[in-house]
Amino acid sequence: MMERRRMDVALLVLFLVQLTTALEVPLDLLEGLPQPPTITHQSPKDYIIDPRENIIIHCEAKGKPHPSFSWTRNGTHFDIDEDPNVTMKPHSGTMVVDISRAKAEHYESVYQCTSRNKHGTAVSNNIVVQQSRSPLWSKEKLKAMVVQEGVSMVLPCRPPAGLPPPIIFWMDNNFQKLPQSSRVSQSLNGDLYFSNVLREDSRNDYICYARFPYTQTIQQKQPISVKVLNMDAINDTMAAFYNETDLFSEEPADERKPTFLIPSGPSSSKMVLRGQVLEMECIAEGLPTPEVSWIKVSGDLPAKRTFFLHYQKTLRIVNVSESDAGDYRCTARNRLGSVHHTIKVNVKAAPYWISGAPRNLVLAPGESGVLTCRASGTPKPLVTWAMNGIPIENSPKDLSRKVEDDTIIFTDVQTGSSAVFQCNVSNDYGYLLSNAFVNVLSETPRVLTPSNKVYQVIKNHPALIDCASFGSPIPKITWFKDSRASTLDGDPYIVHDNGTLEIHVAQARNSGKYTCVARNTLGNYENHVYLEVKEPTRILKQPEYKVVQRGRSVVFECKVKHDPSLIPTMTWLKDDGELPDDERLIVDSDSLAISDVTENDAGVYTCIMNTTLDHDSASAELTVVEATPTPAVVYERPDPPTDLELTDQKKRSVQLTWTPGDEHNSPIQKFLIQFEDSLHHRGHWHNLTEVPGSKTTAHLKLSPYMHYTFRVLALNAVNLSRPSFPSRMFKTEPAAPDENPTGVQGLGTEHDNLVISWKPLTGLQSNGPGLHYRVMWRQKLVDSDWTTVTVANNSKFVVSGTPTFVPYELRVQAVNEQGAAAEPQTAIGFSGEDLPVAAPENVQAMLLNSTLAKVHWEPVPARSIRGHLKGYRVYYWRDRSLHKHNPHHAEKQILTFSGNHTHGMLPGLHPFSLYSFNVRLYNGKGEGPPSPTQQFETPEGVPGPPTSLLVTNPNLDSLTLEWSPPHDRNGHITGYTLKYQPGNTQTPHPIAPSPPRRPPHKAQPASPFKNISSSFVEDGTLISWEYWGPEKNVYVEYIVKNSEGEEEWQKELVNGSQNVTLKGLKGGLSYRVRLVAQGHHDQPLHHSEELVVSVPAVASRQVDIATQGWFIGLMCAIALLILILLIICFIQRNKGGKYPVKEKEDAHTDPEFQPMKDDDCTFGEYSDNEDHKPLKGSRTPSNGTVKRDDSDDSLVDYGDGGDGQFNEDGSFIGQYSGKSASRETAEGHESSEAPSPINAMNSLNSFV
């Protein structure tokens, strides 16, 4: 009775499975349908984490509505909100643990994720989270191993236990892997086994390494030292202890038959789980080294899953199944004998699915169905069910649901009974947990196959046309073709249960439109698809067997026929591999050419023609033989091709074939095909195309409305051949133009017209007689119709009476007697421009400094521009200087700012000036009206240099400076700064005073010379200056002051120098000295300001006077007088007597004063030959009106009572005047005279 009941249940289940098969569809393709949760992604059951990274435990699910998530930890609810280190990703159940504030081991637990919405609850596997561990090796002191040569040896590794277990390998101190062989190998536990040791095994760096994969760390064991001794070494070592008596014989360890080091004993057993990897090892010792072999006693080893490692010592079987259980025997053998070990393997199995996990079930109200949870395992697993995460026995009772072991049967389900069921299958070695929902829906049919999908199939092949559908209840599928006269049922059509329509042998007549209709009690749905039956791909001419001499060329032909709507791809193989990458091999669309054949080219060549639907292939062999000796070769250009023939004639193409002429011992490289168009260009031949020398056919693409005649030329290494005789004429029919004119543009030449122009088509592009153009235009921003005119024999058209500067849409279409070209593209043009009618408004100027101003304005409205905005122009001019002496300026300057700017900078302005300006807009036609003129004043700026500087009245201790005001005052002059330094004087001379010279009031023109000075040296007068002009010819000119008549200036050339010593000046006279720069002959001379130099008088020796007594007495009196004067000066100096300037200097003594250097702005001090002490400098005026300079003093300090004044021309009125010192500093020269006060001064500041 019980078996009868089970059989009835089985039959019912089989029936219900057949009923519900059609509903196994991807529900995620159907939006808006209610759906219970489905777990889509979760972390593995055994989840090992890296303790250095955040812990991420995945849990993703889908459903409608989107499900919510919660977690349990070690079987109890885990409140994520209570743990500040744990967060959950939005719209997800994935949990993230931030370990930066907590230790990873605190979160080692068992986690389970729950996903729920109003239609059910799904749960994840139990996720066991453990952190990976890479513990350190325990410290130990390893003793050196001393072994006898020939014995076996084991070096232990014994790494620390890690999670997951580490990977073991042996290396030396240089991080090189230790060599392993059948004699020396590593066991599965990491120990290093020696079947027998040799003397070369002695070393002190046997190091075991353990690599922990998760943390990517490597731990190192202490090095092991091994010393292998033979008998002589052992006897020598022990002789001292045993009275020179040998302990061992002179031979190494005896040869011996094998014995197993591992495993021990004659037999052992091993358990492995189904699907895992089985590894067994047998390591034997012996001398000679034994060889290991494996067999399965109770059957054969699985060939495809069996691997031998470690020199046959390890047997590995992957993906273990129950059939791998049994006895395995390993045998170790050498020439002295053998030894065996038997390993009994037991295969257990964690639960595994037999027919897959339970599948989701969609039922309509009143329907029936089943959920099946079929699994197996060893031992047999236990199956338990839960509903929405609650054991099913604790769930609410439902008469429509019945549990039968691994099956749940549903009958007459009702709306609202949707749920998620969990099937848990477990035994001693693991468990399986699967979620499957039952979704009770009422849905009209839907077809999931895309509409209007095109199916392509090769003729005589089967065709499968899909109609994937969804509906609840299950829709019924009906197929129709074309006119839908009758349903497709019966030969040659087969309708499968899933709705797919199959045609066993498709023919061309089966092409067409197919309609599938899905119906259920709630409605129907139609979907249309198309079937195209294509012709098969066939190789019509297969490559042929070839025998070719070395150095010659060979061509394999492979002509193919295929469906014209499919794109073919030709592929060539050599010996079933890719062709060599060699430029000698040329692949064409239907051939393979090999030039300069070598022995390596011999082989089998296969051509494969592929399309998107099918392919065909054919092969041929190439044999290469030695070339026969030939007499001396004469190379000539090839003979012209012959037998030109036109075939496969179409409207715009033709096939041209020919026969090559004699190559004359030089292979033809290519053929040049030319054509003549006797309709348009009679007598002119044009190049059409080129083809490789291995081809004798060409498919030529032609143009309409041409009278073609073809000829062919052959090219080899010598030259081109003569042209072949022309082919017969081939006329192509006229056709409508293929293209429209390019370069369409619209521009206005007047303010009320629009000129439309284009690049006309050539005669070759016309495609037929009667070429003309259809010109169309309309305003772009106005909803108006196109205006069309026809233009012939011209490439432009003028539209009159247009509004000013309006955008137009333009089209130009090519037309001939055969019709028009395709719809042309639209171009944009503008009618003519006119001058702008408005000026920029709100114009303002903002001064940035004394020479730069920024002008702002508001842009002109677009309607007032009346053209393409090119930019703005700022007109500005200097009305006058704000200084009363400066003249009026009125020269206008223009700055242009391209583009739509609203501001601009006015550079290079004159300081302390009044400027006027206005702004104007300009377009392609011209400028608009100016804005109202505005004015601004520039502030004061730095003044220019004085226009002249003269030195007059030079004496031993004073001189007079005269200068003129600067040409560019740039403001109110408040003072002058005078800087000087000692000249390059070697022997001081008295300076005769010169009459004061008033500088002119009028500003001098700019000169390239400045800082001109003079000084007296031993052999003449030194003139120094600075020069920055471009001329290379520079002269010094001088003439006696107050010279009369037409006396000429004396001239000395001083090119490249900035000083010169004039030796021709006579003592006691004053000279006018100037510098002249001369350019080209047509350029004016540049003169410097004149410098007056008074040369001290030098007594001349006259023999006749020197012998006179009165002269000798006079000289003695003068000498005595000079001596008295010198004594008086010396006494006055020692008593502190001071001349006025000296008093001022002493009054401002600075004990911290340090001499300045040559590269400073000021000059160094003068020192005498007695004590070489620097003179004390003066200070800057205390009123602070002048910026202090370390080398500057004010002239006020040197006047009476500090009341120094200047004349109108800038000359100093005071007790002393000085000459401009040279920038050449004298160093190392000594003087017998007392130092001059001029040399003690550093700088002079004056005020007006």
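Note: Cβ is positioned from N, Cα and C throughout, glycine not excepted.
All TrEMBL annotations are machine predictions without curation.
Here is what TrEMBL records for this protein:
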| type | residues | note |
| --- | --- | --- |
| COMPBIAS | 1141-1160 | compositional bias 'Basic and acidic residues' |
| COMPBIAS | 1221-1232 | compositional bias 'Basic and acidic residues' |
| COMPBIAS | 1239-1248 | compositional bias 'Polar residues' |
| DOMAIN | 37-124 | domain 'Ig-like' |
| DOMAIN | 135-225 | domain 'Ig-like' |
| DOMAIN | 258-346 | domain 'Ig-like' |
| DOMAIN | 351-439 | domain 'Ig-like' |
| DOMAIN | 445-532 | domain 'Ig-like' |
| DOMAIN | 536-623 | domain 'Ig-like' |
| DOMAIN | 640-735 | domain 'Fibronectin type-III' |
| DOMAIN | 737-834 | domain 'Fibronectin type-III' |
| DOMAIN | 839-941 | domain 'Fibronectin type-III' |
| DOMAIN | 945-1039 | domain 'Fibronectin type-III' |
| REGION | 981-1010 | region 'Disordered' |
| REGION | 1141-1248 | region 'Disordered' |
| SIGNAL | 1-22 | signal peptide |
| TRANSMEM | 1110-1131 | transmembrane segment |
Query = Can you give the mean pLDDT for the domain 'Ig-like' (135-225), rounded to a whole number?
reply = 89
Query = Would you list the DSSP helix, strand and coil counts for the residues of the domain 'Ig-like' (135-225)?
reply = 3 helix, 36 strand, 52 coil
Request  = Sort the residues of the domain 'Ig-like' (37-124) into helix, strand and coil with DSSP and give the three counts.
outcome  = 7 helix, 46 strand, 35 coil
Query = In the domain 'Ig-like' (351-439), how many residues does DSSP call helix, how many strand, and how many coil?
reply = 3 helix, 49 strand, 37 coil
Task = With the domain 'Ig-like' (351-439) as the reference, find which of 37-124, 445-532, 839-941 contributes the most Cβ pairs under 8 Å.
result = 37-124
